[in-house]
Structures are given as C-alpha cells and as structure tokens.
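Shown next, in structure tokens, is the structure this report addresses.
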C-alpha cells in the first residue's frame, strides 16, 4: 500500500506564518490563519448571524503556545466562519472557539429538538463489533493520530515522524491493524481525558499515570493488573489519577471487558417486600453477580466483586481483597447523630466500563480514576431518590419542616450532608474536592485551553454541579460541546451483548426483548380492558371538606376493583342524569356543620333532593363520616340514604358510620368489606369466595408481640418538629403571658382568658375569626397510672424507637408514626389516652388478658350491641380500662403501636393581631364531668385542664387554622348580627377588637354591629361584660343584648328567645333589606335552635312556605352571608348534666 502523503501536514517551517491580531474581548493575542479544505466547517457549528459570502476570511486563533496541530496553513473554507463566540455572562468575557472544527462525530440533536440532556447519547456510545475496522477506514484515522502525537513536541521530529507514518501504513497493510507505542499510548490516554467534555477536573489531565496491560491474556492477569491499579491510586488516601489499558479490540470477538461500571461499587438487593437494601443503582448488576455464583451478604454497603472478561471468553468473578478498598465512615462536625446513620463511602472513584478510541483503535477495557468531588457522593449517591435517598431522614433529624417544600428543607439538608462528606474525607486524610473549588479549577483550565488549542469541549449540563447552581462560575459560562479524538466513549453493558461459550453459566435472568415486552404489554392491556368491560360498573361518589372522604373513596375503589369496574368521582363532577344508567352506586361523604353537606356536594344535593322519581332501579350503599358529639351525626349520609330509597333504589347494606372521635378507620373497613361481599353476592360475581382483597381489609384482630420491638435511640426530642411531621403542618411555640378566670367567685365553673405571646411576631399571622390549634399534654396522673401497668417499661427517660418486623420476617423497619422518644413522652405528648378504645382495640386487648373471664368480657364488649352501651355509659379512659381489667399484660410496644394519636384542640381566636401584636387570646371553658349518671369517675377535658395548670412563660405548641367562612365582611360598612352564648363569644371579641383598631388608626366607622350574648347569671358568668359596655360607648358595638337562663324568679331565656322577641326587625333589615351578615358561634344545639328561629322569623315576615324558606337560607349560605362556627355539645350517655361544667366537645372540632 502506498503511503498516503495527502494526509500529511505541511512542514513545520510554515507553522508560524501567522498575523497577530488583538481581540479586546479575549484580551489575548490572536492569530489569523487559513484552513485546509480537507477539514471544512460543518454548517451545524456556524455561529448564527454570521454572514457567509464565500470569500476568503481571516480567522482568529490563539498565538500563545499554539499546538502545532492547530497551526497549519490551509485553504480558505468556502462554507462559513471557522470560529464561534462563547460568552461568559458573569464577567462579559468572550472566547473564540476554533477547535470545534476538529470534531469527529455529529451529535444526535435534531433540527427541532435538543438532546443535550440525554444521559448516554448515541454519538457518545460505542457498541460491539462483529468484524475488524476496514483498513481504508483505519489508515486515515491512524495517520491523523500520528500527526497529533508528533505535533505535541516543541521541536519538530520530521525524520521520526515520516518513519512512523510509513511503519503504521505498512503494518495496517500487512495485518489490518497497528499497535501504539508505549509513548503514544500515554499521550492518547491523557489527550482523551483532556477531550472529555463531561469531566470538571481536567486541569490535571497531564498528570495521569498510565499502566500498560496490553500484554495481558487471562482474566486472572486482568485482576492482578486491576489490584495494582487500585493499590497505586488509593495510596493510603492520597488519591492519584491512573488508567490501566488492556488489549485493543481486534475482530470484536476477542474483547477484553470489565463488566463493572466502576471498579468499586456497592451491591443493591431487591428484598421480598419490594424494598431495596444497598445501592439501588446496582440492582441488575448485583443480581448478575449472584447468578454467576457470588454469595450476597445483604448489607447496605457490600463491595461488589469484579466480573472480568478476557479475550472474548466467558467472564470470571473475583472478590476484591478488603485491604484494597479504602472506605470513609461518614460523620458531621456538628451533628453527632449523623454517625448513627451508618453511612460510608469508598475513596476511589474508578470508572471501568468506558472505551478508549484513539487513531481508529478501540480499547474496550481501560479502567481509570481521578478523585471525588464532594457532591458526587453527598448529592447524587446519598440524596438521589433512586439511590440511597437519605435526604428526608436527615431533614427530619435536623428538625426541618419536611412536610412543606417552601421551608427549603431539602436545600438545608443536602448542604449539611455535603458538609459531612467533605469533613469525613478530610478527617481521614482522603483526597476530595469541594464543588466550588472544582468549578474554579475548570474555569482556569478552560481559559488555558482556549489559549493553547483555541477551544475546550464542554458539556454544560454535566459540568454545573448538582447544587449551588448560579453561585458557581461555570453556571454563567457558555460552552460548546463536541467530540474530538482520542475520546472515552460509553459502551453497551457487556452482559447484554456477550456471546456465551458455556451455556450452563449463562445468568438465569434474561432481559425480555423490547419488542416482545411491548407485545406482551399490549396484549395484557387488551385483556384487562376486556375483563374490566365485562365487569359490573360501580360509581363511587365522595363529598369532603378535609380530604378524608376522598381518601376513603379511593381506598374503596381499590377494593371494588378486585371484582368490579369502579370509577371514583367527586359529587360536583357527577351528572345527576347518570343515575338512570347506574347499576351500583357507592357514596362516601362527611357531614359538615349542623348536618350540612360539604361544599363540593351542595350542587348534587340540591338536584337530588328535588328529584321526584327514577325509572332505573340500582343498588347502593352509603358510608358517612362525622363526629358523634353532634346531634345530627352523619346526617348528610343518612339523608342521601333516605332519598335514594325513596327514589326506588335498593339498599345493599345499612348506612355505615365513621366516628371521628373513635375508630373511624376500623368502622370504614368493616363496612367496606361487608358492602363488597354483599355486592359480589347480589351481582353473582364468579369465584367471589376466592377473591384476594387489599391487605388493609384483611388485617388480623390479634396483636402479636414478636412483630414489634423497642430499640434504644440517642436522638433528642424536638417537640415542635415532631408534631409538625406527625400532623403535616407548621407547629410553632407560643408562651403563656397571663391567665385570668373570667367568671366570678360565685360561679362553680371556670372560663379562662388565655393570653399567649410569640417571641417572633413575624412568624405569627392570623385574621379575626380564625382558629388556633393547640397541642396539649395529657394529665400526669393518667400517664403515671398507665406507666405503672406496663409490663416491660423501658424506663421514664430512655429514648426508644419502635421497630416492626417485615411480613416476610426477614428484617426490621422503623415505625414512623411516632418520633424517637421515651414512653413517658409518648403518653404525654403524642398518644390519646382519654378516648375510649375502639372495638378493634378491645379485641386486641382481649388477647392480652390472662384471666379467662376478663378475656370473654372484652370480646363481648367488642361487639356492636355491647360496645355502644359500654362506651357511652362509661366513656372510659385507657387507664380506666386497665383498672377494669387488671389481668391485662400490656407491653410498651402495644401502647406505641395501637393507641391513637392525640389530636390538636381548636379554639376560636379572641383577639385581633392589629390590636394586640404578637399575641393570641383564647377564651377557654375548663371541662369537668362525671360519667354513669354522676356516679362515675371525674373526667377532665384534655386541653382545658392542661391550660388551667400552666404558669407564665410555659410553652404552648400551636398552629393557625384558617376559617375563610367566618371572617368580617370585606365591606366594613355592611351591618352584622353576632350571636354567641358562653364561650361562643370568643371570635366576636376578635371582631370588635379589629373594629376598634380600625376606628382608632384609620377613623373607619364600621356598619352596625349588634351582639347577642347568652349566659346563666349576670353576677356569675357574664364574661367580657365590662368590655362589651366599653365597645358600646365607643361606638364599635351598636347594641348588646343578653339572655340569662338562671335568673331567680324569671323564666329561662336563651339567645333564640331574644332573637324572636327583640331583634326580629333587625334580622329582617340585615338579611333581607341590606346585604348584611349574621354570625353564630357556639354549641350545635344552640346553632340549630337559632337557625330554626330565624327561619320562622323570615317565613312570617316574608310570607314564605317551608320549601321557600329553606331555599332562602340556602342562598344566604351560598352568598356567604350566614356564618356558623359551631362545636359539639352532646354529653356522653349517663353524664349528669347539672354537674358538668362543659361538655367534652367544648374543644373545637
């Protein structure tokens, strides 16, 4: 074969035939030179906006230390300008890139779409070969590399150069390939690193140590070379960059490959329950190792073995000697608990699965390493959701508000994780670089490269660190991405292309071809559609205010999807005409206020309740959610049930009732299963006795102690953070400023004015009429009594964490319902110990009774007929249950896993933030009552009793709950009537304080505000009496009317009586003649009586019938002119009312 001299550059004597030119943007010397037509610009690189006229153009190129390979004189390009301007938007500097004209491969971006963020683009990936590269393709690439190599010398070596070209040419002609010299290999590996556009640490490219392993023949030899590499590079923590190059590819059938993605990596195991132990990124490779004979250890940080392939033969497995793997345990300079996370990472990042291309030759096995940038571990390895994913756990341990993104908890947590990584590596004297320093070093490298080569290939998406963004200099730097030769390419995974010689060693798990998988998926989809179409359709409707009903409706849909074709809809999305086509209708709804439906059920309710008849007969079932403290418990659900029955629909099961105060979830599960079974029978579902339903509906009524264990934990309790996480809300601390009994000494009852203050006024925000949620503590006597009954009390001050055994019995998992705390803290702050146990809890307690009689009694009480009578007669606390059944052997784990969560108590705020900055005032009636018709034990309201025992500066954990439907009119001139007996006066105090503030500071005189108050006796419980009189004198309140129910010698008077007798004309003026507002706050019975009285007044004055007055009231509520803030007032059965100071339902719901 003749020597292809047309590939040779001109002699170096012409190398410096350049003209100097100063670029004021670059502030560096430039040189103009012409380019050969053999290397013409691809139009894709042309700078937009450059005018092309086909004339010769003088192009800039750096003159300082220009490599010889870039300084050859060439003919002018007839296509476009040879340079592209690259701007730094941080400092305004502009660089001129000419190196991109040497690019070897077209990127896969399309004319109308950018693929720059694709992880492994085709242009950067090399697949396997079946045949050698043809000599006529190989020779030009070989000569070009020889040119690059000899151009790198400062002094021209013309004779050596020509001789080398001739040698390479003859070698290719004779053998079809050629071999690099040792020096050429060193040059190629370094230059390939220099050309790597995704590497931020290239400033060290010339310091790469090269190990030549091209004489290797077996996998054992490969392993020995790799061990030498790891030992050299690790260097006791002083990491050194290195590469080991194994034999080059020949015909594609004798490849040397390292099957590992990195030399050192941690295993990832798929556990039976679907969770992943270890590094999820390595699941597939770990399974491959197991299939090839590796014995897994199922730890979080198990170093994977090496799988090495030599000369195209089947791979062999090698365990890396533990003494070669340097690992760094993670700790934090500030947080001692960080060490308890048990994290560590290996010190050596050695990429093992890339291919080195140089001069047309391919080296498919060339593991190389640098050293870590901290974010590679701290952000990607530890925090990525698809990796170890520790971000939320760290955020919780830091006490951050992980339930709200706006708290920026992710940013704060990831920063501390990176601090820990850097600290740990530096403490162990292991080389690592922070991302800011790495970004600065790359910017220096980039400037050097533009001066030396006229360009620097760079992938912006990869080079900008995963945190800090625009505060790193690389963020603001425009970059040009292209592929030069030599280059490190990605490869297809070796196990996907390897041709096995020994079929018995082939891994059992094989990937399903995409086409087969797609066909199978399509077939399964068609089958599923056919199956679902053949099933009975079921419509599930929900109406909700808080989202609870929607969640249960979705759960019900999951249950019914086992045998039906369900569709879950909100009531406001449902067309009433669809009732004529229904076969099965299920309804899950809450009851809002005084028996009303939630807002998103109003439209359907109005349409349904005026419907006279249906021609379609279908089956239905209804489940209601509510609170038994209200007299119309689950009223809307019962109303729907009655209406559907009247329309001719057939009831499938009786109405289910879920009580917010006790066992709502248990009641729903029981009703759902009964309804599902009844539906299966009614529609004759085939195989209904063998249907597998979701686990939550099949949970056992037994409590197995061996499924739970307590482990010691050193994490201190942060109460606010724990409450925030448990209740998914922002909890903040206020402190008691003062406490005052508003009732006179003559009264046997207590109503407290609680004044709470906040240190940081900026964190406190509320409007008059809104609620303050308070997280109380249980009574110490109750807590201590329960602790004395626990059979395995871990100690009052021992912090413990509950762990639950996985269903497979293979591992323990932390129960995240409660934070790590002592048992005493759990019973004090987090667990509800005053609400009577549910039926399911009684069944579980029965298994813990050692006396047969008590066990039978508990089982009997768990039945509905006995349970309700026992519950409402005794209303027992958990301690009273333990005292009633003394043979119960209750372990601590039972309490932590089975007792319900203590809920916050809500109170109407009695102050205006404008009038009393940084303060919240509450009006609290202290609750005490006796059960069993006054003969039972004395019970105390949880929150009100806790309030009464507080001292000034004691902390009060709180949250603010917005009540949009109970606020002052947006137009302050509109008249108002305020009706609030007893503590129902609470929000109205905030109203008059706000009006007083407006009057003082803006001179704004609001519209008429009439107050109607009710109490027993003017000398006992007329709370805020003087304050009301003051507001009348100042013109804030127009009138104040008071109803007294216990005046000696006079008939009892209630607010509805005053309303009827004295305010009928005012009601008509406010609600009918003017666009005014009427507010009612108090217990539900009073609110019901007030509403009835108002309807009577309006019906009489406006001559309306019953249906018209109901519609009138509906319009008032729709216009948000009739406002209610009501709470339960139903005493437990058997409570002696004249001895009760306030019902347990005083705490707002």
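Residue 1 is the first one shown; counting continues down the chain.
Just so it is clear, glycine is given a Cβ too, placed from its N, Cα and C backbone atoms.
Annotation note: residue 109 (Zn(2+) binding site) sits in a coil segment as assigned by DSSP. Feature annotation from Swiss-Prot assigns Zn(2+) binding site to 109, 114.
In the three-state DSSP assignment, the secondary structure recorded for residue 461 ((6R)-L-erythro-5,6,7,8-tetrahydrobiopterin binding site) is helix. Take the CB of residue 461 ((6R)-L-erythro-5,6,7,8-tetrahydrobiopterin binding site) and look out to 10 A: across all protein chains shown you find 13 other CB atoms. What Swiss-Prot lists as (6R)-L-erythro-5,6,7,8-tetrahydrobiopterin binding site is 117, 380, 461, 462, 475.
The heme b binding site annotation in Swiss-Prot covers 199, 490. Residue 199 (heme b binding site): 20 other CB atoms within 10 A of its CB, across all protein chains. DSSP assigns residue 199 (heme b binding site) to coil, not to a helix or a strand.
Long-range Cβ neighbours of residue 371 (L-arginine binding site) (same chain, at least 6 residues apart, Cβ-Cβ under 8 Å): 201, 239, 241, 348, 349, 431, 432, 433. Annotated L-arginine binding site per Swiss-Prot: 262, 371, 372, 376, in sequence order, evidence recorded as similarity to another entry.
Annotated FMN binding site per Swiss-Prot: 544, 545, 546, 548, 549, 590, 591, 627, 632, 634, 660, 664, in sequence order. Its own atom aside, the Cβ of residue 591 (FMN binding site) has 25 Cβ atoms within 10 angstroms in the protein chains shown.
The NADP(+) binding site annotation in Swiss-Prot covers 749, 928, 983, 1016, 1045, 1046, 1052, 1054, 1056, 1089, and the record cites similarity to another entry as its basis. Every protein chain considered, the tally of other Cβ atoms within 10 Å of the Cβ of residue 749 (NADP(+) binding site) stands at 17.
According to Swiss-Prot, the FAD binding site annotation covers 771, 905, 907, 908, 923, 925, 929, 942, 943, 944. DSSP assigns residue 923 (FAD binding site) to a strand in the three-state reduction. The Cβ of residue 923 (FAD binding site) has 26 neighbouring Cβ atoms from other residues within 10 Å, across all protein chains displayed.
Using DSSP to sort the residues of the domain 'Flavodoxin-like' (538-676) gives these counts of helix, strand and coil: 58 helix, 36 strand, 45 coil. The annotation domain 'Flavodoxin-like' is assigned in Swiss-Prot to 538-676 on the grounds of sequence analysis.
Per Swiss-Prot, the feature domain 'FAD-binding FR-type' maps to 729-969; the stated evidence is sequence analysis.
Here Swiss-Prot flags 22-83 as region 'Disordered'.
Positions annotated as region 'Calmodulin-binding' by Swiss-Prot: 514-534.
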Those binding-site residues of 262, 660, 907 having Cα within 10 angstroms of residue 475 ((6R)-L-erythro-5,6,7,8-tetrahydrobiopterin binding site):
none
Round to a whole number and give the Cα-to-Cα distance in Å for the pair residue 109 (Zn(2+) binding site) and residue 929 (FAD binding site).
76
Measuring Cα to Cα across 117, 380, 461, 462, 475, which the record gives as the (6R)-L-erythro-5,6,7,8-tetrahydrobiopterin binders, how far apart are the two most distant ones in Å?
18
Quick one: of 632, 771, which of the binding-site residues has the smallest count of other CB atoms within 10 A?
632
State the three-class DSSP label for residue 943 (FAD binding site), counting H, G and I as helix, E and B as strand, and everything else as coil.
helix
Give the residue from the binding-site residues 109, 114, 943 that has the most other Cβ atoms within 10 Å of its Cβ, counting over every protein chain displayed.
943
Measure from the Cα of residue 1056 (NADP(+) binding site) to the Cα of every one of the binding-site residues 117, 199, 380, then give the nearest.
380
Looking only at DSSP and grouping its letters into three states, which state does residue 380 ((6R)-L-erythro-5,6,7,8-tetrahydrobiopterin binding site) belong to?
helix
Using residue 380 ((6R)-L-erythro-5,6,7,8-tetrahydrobiopterin binding site) as the reference point, find which of the binding-site residues 549, 632, 660, 929 has the shortest Cα-to-Cα distance to it.
549
Have a look at the binding-site residues (262, 546, 549, 1045, 1056) and report the one with the fewest Cβ neighbours inside 10 Å.
546
When the Cα of residue 262 (L-arginine binding site) is compared with the Cα of each of the binding-site residues 546, 771, 943, which one is closest?
546
